[in-house]
Amino acid sequence: MTVVLTFWVGRWIWLMIDIHRGRPDRLMDFATYYVAARALWEGKDLYQIDGSQWFALGKESGIPTALGIYVYPPLFALLMTLLAWLPFSAAAMVWGAITWASFLGSAYLFARWVRLPTWPFLLCALLFLPVSVTMNYGQSNGILLFLILLAWLSLHAPSAWTQGWGAVALSIAIWVKMWPALLGLYFCLSRKFLRPLLWTGIAFLGLGGLQALILGSERWMRFLRVGFPDLLRLLMLQPPHNPLWRSFSGPLFDSARPHTMPLAALPFVLLVTWLLLRRSHLGSAYDLSLVLSPIPLIARFQEYHHLVLLLIPLWTLIAEGAKGTLPRLSWVLAMGGGMIVNAHWILGWLVVRRGLGIGAPLYTSYTLPLLGTFLIWMALTWSRLARQMEAPIIKRIRDEADAPASGDGE
């Protein structure tokens, strides 16, 4: 544990040095959140601001990196106002520390859940390159991972008070990046999560009311009329109406870039996942892994945005391996999937930094993250199927072993 934690501290120090030096490709996503918070602070409308105003505000804020476009609900920007009063360099260091701590906290929560030491899960996160990309770009994926784990564990607790806090955590995650609402959809379809679903709905509406109160009716209605429909269009893989958003997200909808699974495979993946969830023990780590693992397969942002979610499936498989119950094929599939996902960034480094033109088509197609995610999903699926097939056999062997003993007793 000490060795792994030392490497984690070293990784954080390395990031802090890059931030201090003003490396231009560091914390680009955080720069977007920071400028959005400054825009709210100055009374601007995030869903009406034009490109010239947006980039001028970034320049005034002293942003040394490339600046993206804020395409999220307002809650995240409101939370970021807590950092917006700091100079960008200082705020970036605080955010880097928060992101770093979120992965440590997630590993600790998962280890407590499965009753195993924390170090194997920290080591996995350290070696899984999407985690490094999230930290380098200053993304919110680590925070979302922590909130989802906290919500899942809390919503399965018997205490209504604990469930309430879990609902708040999940609602914050949904208001930050909408797609965690898929967990709420799972609660609806499972028919056995009525109370957690009710708590989540109340917390979600409460956070919506709080945003309306802080923003004021005009800016809140602007989000509902303009921002929210465009968010839904992005989720449904459609170009947004907002010209600033469209200019930023347009390349994502290029038909030459196959960001999604082939349509013939998607129904199969989702059907098998749903059938396994219906037969599984609700509340287990496998359940959460099965809910999360298909998300990168159906999203257009395989490059990095959702791949951090694969930590939970990988951690689940590690936990099963530590207990000696993971089939060998699942182990091979999981290792292969993780290595293929990592290979995408190794290839990207060779293409972008070393000019390896021959690898550019494979890198820009995002085939490797797609394939790696599919293999990790297959590892989960095979492990669950193998356990379900073994259960009747084990029961029959135990019954046959107990039968002579019962006969002798008579």
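Just so it is clear, glycine is given a Cβ too, placed from its N, Cα and C backbone atoms.
What you see is a predicted model, and the numbers here were worked out from it, not measured in a lab.
Annotated features, as they stand in TrEMBL:
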type	residues	note
TRANSMEM	67-86	transmembrane segment
TRANSMEM	92-111	transmembrane segment
TRANSMEM	118-137	transmembrane segment
TRANSMEM	168-187	transmembrane segment
TRANSMEM	193-215	transmembrane segment
TRANSMEM	260-277	transmembrane segment
TRANSMEM	297-319	transmembrane segment
TRANSMEM	331-352	transmembrane segment
TRANSMEM	358-380	transmembrane segment
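Counting Cβ pairs closer than 8 Å and at least 6 residues apart in sequence, the transmembrane segment (67-86) and the transmembrane segment (193-215) reach three or more and so form a contact. Here the transmembrane segment (168-187) does not touch the transmembrane segment (118-137). Their Cβ atoms form fewer than 3 pairs under 8 Å, with each pair 6 or more residues apart. Remark: the transmembrane segment (118-137) makes no contact with the transmembrane segment (193-215), by the rule of 3 or more CB pairs under 8 A. Counting residues 6+ beyond its ends, the transmembrane segment (193-215) has Cβ neighbours under 8 Å at 40, 73-75, 78, 155-156, 160, 163-164, 166-168, 170-172, 174-175, 184, 186-187, 223, 282 in the same chain.
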